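S.K.: Structure in structure tokens, see below.
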Amino acid sequence: MAHDSPDVAGQGKVMIVSCFALLCLALGAFRAYAARTKRGAVVIDVSGGGGGGRPERSATFVAFERMYLFVYLTVMASDWLQGPYVYELYRFYGFDQKAIAFLFVIGFGSSMVFGTFIGSIADKYGRKASCQLFCVLYALGCLVKHSSSLAWLLVGRLLGGISTSILFSSFESWMVKQHHSRGFPSDHLSMTFSKSTTGNGIVAIAAGIVANTAHDFFGPVGPFDVAAVLLTVALVVISSTWDENYGDASVDVNRAFQSAIGRIRNDGKILVLGTAQSLFEASMYVFVFLWTPALGETSAGPIEHGWIFACFMLCTMIGSQVFGHLVSLRVPVEDFLPQVFGVASIALAIPAVVPSFTLRLLSFFVFEVCCGLYWPGMGTLRGRYIPDDIRSTVMNLFRLPLNFIVVVTLLYLERMDKRAVWLMCACMQAAGAITQTRLKAFLYAKVPAGDSSAAVDADAD
């Protein structure tokens, strides 16, 4: 399209690097502001314990949190290392756009299919064992990428799909169950999720640099080999330091699956939570495939993918810092998460109606800030409302509709009007805001009038 708008005439690396610097300053400034506010705040105890303030972080909890975050960020680093180079590797092996799209669909499809029961297996046979299996399967998926055979690459996508189902359920399920069983304060769980999101942003930026270096030295398979090494490290640490925990190990996988479906149907809080998660994350995955062409068609020059991605990660880190600050002020997650969905809806609608590189880029920054708020917020709510005995099963069931939406969108993306796809994503976020508002109604239905601050400590029945 023609680049006649004055705000796209001088786009380039200088602008993106400037954005990166400004975002770094914004992140540092907010952290300083939050620290000052925390030191000067008078926190009122609303839990009835009479102690006032937030519970102190014991040495036992700090050791537990560090152990979990080390493993979690290591496996997330292995995932980030691969992401930017999967498409390039397939192109290097000579596959066309149609074949590559098919490989991606197989990955999401396998996650959708195997995710229906992989959570139940984790609940019955152990979340630690499931995390160990993840490390083995994902490492094998990295190693088979040394083959240019379509059959072996399909095996790799199948292994990646199964691994993804485990990655986004079993690790969190293990941590939350350990947190509950060791009797750590509920406040600490939110802060652990906030730290994991902030750390994930840092790891993503670092992984991009490492992946680029590995690619330069070892070729297209280099990043995948480094990922396999990190997965081996994670496997060793999990095997030597983690205790096993289970859901309800007394029931078989089929009954656990049926029990999870029954809980979702009968507990409105779990149902609306799962609906909101599916809507947000489906639009987020579609965003991953759309943001590059959306900027490319409005840019006067080449897109600085690496710098833009780094800016995205900084925005995510800013969002997680805002989340941590809100939690430290004892603002209920149920209170502000509907607004996060609402702002995300507006941000994703902008590319559909505004053909401006600058405004689209800014809207994407806003959306990434929303993601930074969403991840720890949704993790906190899952920890509060999903029962420990079926946690992995329910979390994987939540992923079924989002994988279905992503698979269908990928299959028809080339034939769809991109503006319509952006509006679809915006509508999903708006619908998520409505469901989150419903969750807020559930919360305050059990809190006495005039005592909204007590909602912070409300747990699921």
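Every residue gets a Cβ built from N, Cα and C, even glycine.
According to TrEMBL, the record shows the following:
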- 14-34: transmembrane segment (TRANSMEM)
- 67-87: transmembrane segment (TRANSMEM)
- 99-122: transmembrane segment (TRANSMEM)
- 129-146: transmembrane segment (TRANSMEM)
- 217-238: transmembrane segment (TRANSMEM)
- 270-294: transmembrane segment (TRANSMEM)
- 306-324: transmembrane segment (TRANSMEM)
- 336-355: transmembrane segment (TRANSMEM)
- 393-413: transmembrane segment (TRANSMEM)
S.K.: With a Cβ cut-off under 8 Å, give me the same-chain residues at least six positions beyond the ends of the transmembrane segment (99-122) that come close to it.
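M.R.: Distal contacts: 86-87, 90-91, 129-130, 150, 153-154, 157-158, 160-162, 164-166, 169-170, 173, 247, 253-254, 256-257, 260, 392-397, 399-400, 403-404, 406-407, 410-411.
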S.K.: Below 8 Å between Cβ atoms, which of the listed ranges 14-34, 67-87, 217-238 makes the most pairs with the transmembrane segment (306-324)?
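M.R.: Highest pair count goes to 14-34.
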S.K.: Would you call the transmembrane segment (67-87) and the transmembrane segment (336-355) in contact, using three or more Cβ pairs under 8 Å, pairs 6 or more apart in sequence?
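M.R.: Judged by the Cβ rule, the two regions do not touch, with the required three close pairs absent.
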S.K.: Can you tell me which of 14-34, 129-146, 336-355 gets the most C-beta pairs within less than 8 Å of the transmembrane segment (270-294)?
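M.R.: The stretch with the most contacts is 336-355.
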S.K.: Would you mind listing the long-range same-chain contacts of the transmembrane segment (336-355), meaning Cβ under 8 Å and 6+ residues beyond its ends?
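M.R.: Residues 1, 5, 276, 280, 283, 287, 290, 294, 297-298, 326, 363-364, 366-367, 370-371, 373-374, 377-378, 381, 419-420, 422-423, 425-427, 429-430, 432-434, 436-437, 440 contact the transmembrane segment (336-355) from elsewhere in the chain.
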